[in-house]
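Participant: I grabbed these lines from Swiss-Prot:
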BINDING   A225, F226, T227, G228, S229, G230, K231, T232  ATP binding site
COMPBIAS  1-15  compositional bias 'Basic and acidic residues'
DOMAIN    212-396  domain 'Helicase ATP-binding'
DOMAIN    407-567  domain 'Helicase C-terminal'
MOD_RES   Y33  phosphotyrosine
MOD_RES   Y414  phosphotyrosine
REGION    1-39  region 'Disordered'
REGION    52-84  region 'Disordered'
MOTIF     181-209  motif 'Q motif'
MOTIF     344-347  motif 'DEAD box'
ZN_FING   580-597  zinc finger
Amino acid sequence: MEESEPERKRARTDEVPAGGSRSEAEDEDDEDYVPYVPLRQRRQLLLQKLLQRRRKGAAEEEQQDSGSEPRGDEDDIPLGPQSNVSLLDQHQHLKEKAEARKESAKEKQLKEEEKILESVAEGRALMSVKEMAKGITYDDPIKTSWTPPRYVLSMSEERHERVRKKYHILVEGDGIPPPIKSFKEMKFPAAILRGLKKKGIHHPTPIQIQGIPTILSGRDMIGIAFTGSGKTLVFTLPVIMFCLEQEKRLPFSKREGPYGLIICPSRELARQTHGILEYYCRLLQEDSSPLLRCALCIGGMSVKEQMETIRHGVHMMVATPGRLMDLLQKKMVSLDICRYLALDEADRMIDMGFEGDIRTIFSYFKGQRQTLLFSATMPKKIQNFAKSALVKPVTINVGRAGAASLDVIQEVEYVKEEAKMVYLLECLQKTPPPVLIFAEKKADVDAIHEYLLLKGVEAVAIHGGKDQEERTKAIEAFREGKKDVLVATDVASKGLDFPAIQHVINYDMPEEIENYVHRIGRTGRSGNTGIATTFINKACDESVLMDLKALLLEAKQKVPPVLQVLHCGDESMLDIGGERGCAFCGGLGHRITDCPKLEAMQTKQVSNIGRKDYLAHSSMDF
């Protein structure tokens, strides 16, 4: 039997020689010992290191491009079956990386939106040309003689905050006047208090609790509250008080005035506001107060009639921008002593292209004025722009700007285009009259009106194509209950108050969600409940339907199946940067990057390039 070859051993051994102990030198050698690694394995390790460095460098470059900060070494956890990391840790690591990537996408979206807002924002402030040319700026608001009751002033700021919280009033600004919970504490005369009771108004609404003391204190203000919340009284009652004070100090002479000016986007809204002012002025006169005159200056009316009031000296004026500009340019009206300006439905006026007219009107003021802006829908873009005209403004918001009234039950139904007219008759049976029907086009208004008359329904119609006398008669007949149905375009959707209306029907979905909010706001007013029925079909723009879906969800209303199937991608992106939805139009179903209204505006601007009329005004176009 052959002797087996002795087993080869390494030079180092852990065994201690028998009968002796290891020396200190040998122990030191053991500590310095480095195990032998084969060449092949060393090459693989070197290659892995180089690959890791390359990946790390590429990741850092990518992070620098996206604007995010480079992450530390703790993120470079090797993944896969060869790593010494558990599957649970690997999963957590991947989840964190995905969330970080999502955060950077949101930051990128916000930066892009800021750039878009800057590009669409008006460069010039909403001030007169004269004020901008001379560099005139006002640092302090107008001072008034009104002060809150002493016991209200002695109350703590914590109490005021509790009141605001109770009534869901959001305020922004410095030195905000305290909220006051009764008209008597606001120091209104007994005649006005009796007039309010006659109208069934016993307590102020949330916008009135904070808004009226703010205006009586002389502060500039932006007032945002849902439709039917009593915004009109917020700016009409204070102007009556200011004019009464001026008349008592020094009576108005012939051709003097106005002291207070209220501008409205439509003739019907201006007429309604004028009626409210006349009602309270008449009550004051009956109570032995001086006569306060109020002029109505709107298109479609005789200028001679309007000038008759102005000649005697006028305290207040309610006007539409076009007619007011015409009277100012012809020097029939002077704003030399005007110190109070209220813009009702301000965002709609700026949006509808009246911004140039308003700027021109501002140039006729001779001194500082108290400026007030009111609306139910006021996107961030309009708010930022409007603030340029105000001095230390107070922003009062009751509910989200652009939110639908919670007193309106919204019903959305899918109806084919050809079936709309027949189904309209069915919808009219839901509630007793009066009923308001809205349509986008004038031709549709006329067609619906004709169809209802043929079916024996007592109906009237108004739109921009009808003359002023016909429009006025139609609204008066409907308001007095002589007619059961009013068919209208959006001319009747802004601010008009028909207290008895229980039902609004949208024959078609408006192109902008703001118009929808104004339309349905004609019902469910002053704490009453109303119904709004809206017809939708394939012809509706998907972006507006997404906004409608978001609005229904916000108001906790039933969402029909046809809207439930609509999705806008990553819905978490709709609520970033502290503001939900679009900053340009106020729609909740999209961001400004996908705003159809902005896109339409930009397309229009591009199409108008190169279309300037180079002919002189007096020349003939051959």
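Cβ atoms here come from the backbone N, Cα and C positions, even for glycine.
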Participant: Please report the three-state DSSP label of T232 (ATP binding site).
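Facilitator: T232 (ATP binding site) sits in a helix per DSSP.
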Participant: For the motif 'Q motif' (181-209), what are the same-chain contacts with Cβ under 8 Å, counting residues 6+ beyond its ends?
Facilitator: 146, 148-149, 152, 163, 167-169, 216, 223, 225, 229-231, 233-234, 237, 240-241, 244, 279-280, 283-284, 286-287, 289, 396, 398, 526
Participant: For Y414 (phosphotyrosine) and S229 (ATP binding site), determine the Cα separation and express it in whole Å.
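Facilitator: The separation of the Cα atoms works out to 30 Å.
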Participant: How do the residues of the motif 'DEAD box' (344-347) split into helix, strand and coil according to DSSP?
Facilitator: 2 helix, 1 strand, 1 coil
Participant: Which residue counts does DSSP give the motif 'Q motif' (181-209) for helix, strand and coil?
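Facilitator: When I sort the residues of the motif 'Q motif' (181-209) into the three classes, I find 13 helix, 0 strand, 16 coil.
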Participant: Run through the Cβ atoms and count how many others sit within 10 Å of the one on G230 (ATP binding site).
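Facilitator: Here the count is 20.
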Participant: Reduced to three states, what secondary structure does DSSP give T227 (ATP binding site)?
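Facilitator: Assignment for T227 (ATP binding site) reads coil.
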Participant: Would you please pick out, from the recorded positions F226, Y414, the one with the fewest other Cβ atoms within 10 Å of its Cβ?
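Facilitator: Across F226, Y414, these recorded positions, the one with fewest Cβ atoms within 10 Å is Y414.
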Participant: CB neighbours of K231 (ATP binding site) within 10 A?
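Facilitator: Result for K231 (ATP binding site): 24 neighbouring Cβ atoms inside 10 Å.
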Participant: Within the same chain, and leaving aside A225, F226, T227, G228, S229, G230, K231, T232, name every residue whose CB is within 8 angstroms of the centroid of the CB atoms belonging to the recorded ATP site, in sequence order.
Facilitator: T205, I207, A376, G521, R525
Participant: On average, what pLDDT score does this prediction assign to the domain 'Helicase ATP-binding' (212-396)?
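Facilitator: Across the domain 'Helicase ATP-binding' (212-396), the average pLDDT comes out at 88.
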Participant: With a 10 Å radius around each C-beta, find which of these binding-site residues (T227, S229, T232) has the fewest other C-beta atoms nearby.
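Facilitator: If we count Cβ atoms within 10 Å for the binding-site residues T227, S229, T232, the smallest count is at T232.
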Participant: Which state, by DSSP, holds Y414 (phosphotyrosine): helix, strand or coil?
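Facilitator: The residue in question, Y414 (phosphotyrosine), is strand (DSSP, three-state).
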